[in-house]
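Encoded as structure tokens, the structure appears first; notes follow it.
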Amino acid sequence: MNTVTVVDHPLVQHKLTLMRDKNRSTKGFRQLLHEIGMLLCYEVTRDLPLEMTEIETPLQTMMAPQIGGKKLVFAPILRAGLGFVDGMLELVPSARVAHIGLYRDPATLTAVEYYFKAPEDVADRLVIVIDPMLATANSAIAAVERLKERGVQNLRFVCLLAAPEGVAKFHAHHPDVGIWTASIDSHLNDHGYIVPGLGDAGDRMFGTK
Ligand code: URA
């Protein structure tokens with residue numbers, strides 16, 4: 001319950017520092033997000049159960065481990081969550097993808113849903129919800145709520161940066177959903193931005209500012 005894993009691998013920390021730099025180009029930011037997406041995916045899938053299967057090597061038959069159960073679902077929260085998906089799919093190419101469209105009302109900072117599409121049997125799968133920034137946590141809480149309404153019981157949340165306020169609020173609503181992040185920053189400012197953070201992740205990856 002309430003588990004938070006800060007992925008302190010040197011490659012993740014190095015790439016995150018490059019991304020925080022306000023002079024990083026859109027192209028560079030996007031590439032780094034892709035790379036960190038792969039590395040965070042590696043960590044969030046670390047304890048997936050393996051099952052033994054018989055294969056034939058060129059020399060003999062053997063029992064060898066493979067990941068068991070149904071394919072994973074990656075569930076990016078639009079739009080910034082999309083930045084992680086390609087990197088994660090490179091590591092887990094057979095994963096399904098659910099899209100959850102939520103935007104943050106700038107006045108109230110609450111999450112407003114405008115799109116939701118998930119595999120029909122999503123309830124039977126491990127769902128990894130993805131959003132680079134866990135700030136107020138309103139979107140993350142709403143996304144997980146939506147998936148739980150669909151019957152999903154096995155959920156994890158991956159982000160690049162988290163604010164302590166966001167972590168606490170998320171776990172107050174969803175203590176059963178573990179968080180994987182590259183950093184827990186200092187605090188949220190009055191506009192709901194993570195400080196020191198890296199600015200608006202969506203704008204920086206899509207070049208919309
Ligand atoms: N979303 C962002 O993109 N950046 C923040 O700092 C907070 C929310």
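These residue numbers are counts, starting from 1, taken along the chain as shown.
Using N, Cα and C of the backbone, Cβ positions are placed for all residues, glycine too.
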Asp21, Asp200: which one does TrEMBL list with Arg79, Arg104, Asp131, Pro132, Met133, Leu134, Ala135, Thr136, Ala137, Asn138, Ser139 for the 5-phospho-alpha-D-ribose 1-diphosphate site?
Asp200
Which ones, of the binding-site residues Met133, Ala135, Ala137, Ser139, have a Cα no more than 10 Å from the Cα of Ala201 (uracil binding site)?
Met133
Return the count of C-beta atoms lying within 10 angstroms of the C-beta of Ile194 (uracil binding site), excluding that atom itself.
28
Once the chains shown are all counted, how many other Cβ atoms turn up within 10 Å of the Cβ of Asp131 (5-phospho-alpha-D-ribose 1-diphosphate binding site)?
28
Taking every residue in the domain 'Phosphoribosyltransferase' (6-208), what is their average pLDDT?
95
Any further residue of that chain within 8 Å (Cβ to the Cβ centroid of Ile194, Gly199, Asp200, Ala201) of the recorded uracil site:
Pro132, Met133, Leu161, Tyr193, Gly197, Leu198, Gly202, Asp203, Arg204
Of Arg79, Asp131, Met133, Ala135, Ser139, Ile194, binding-site residues neighbouring ligand 1, Cβ under 6 A:
Met133, Ala135, Ile194
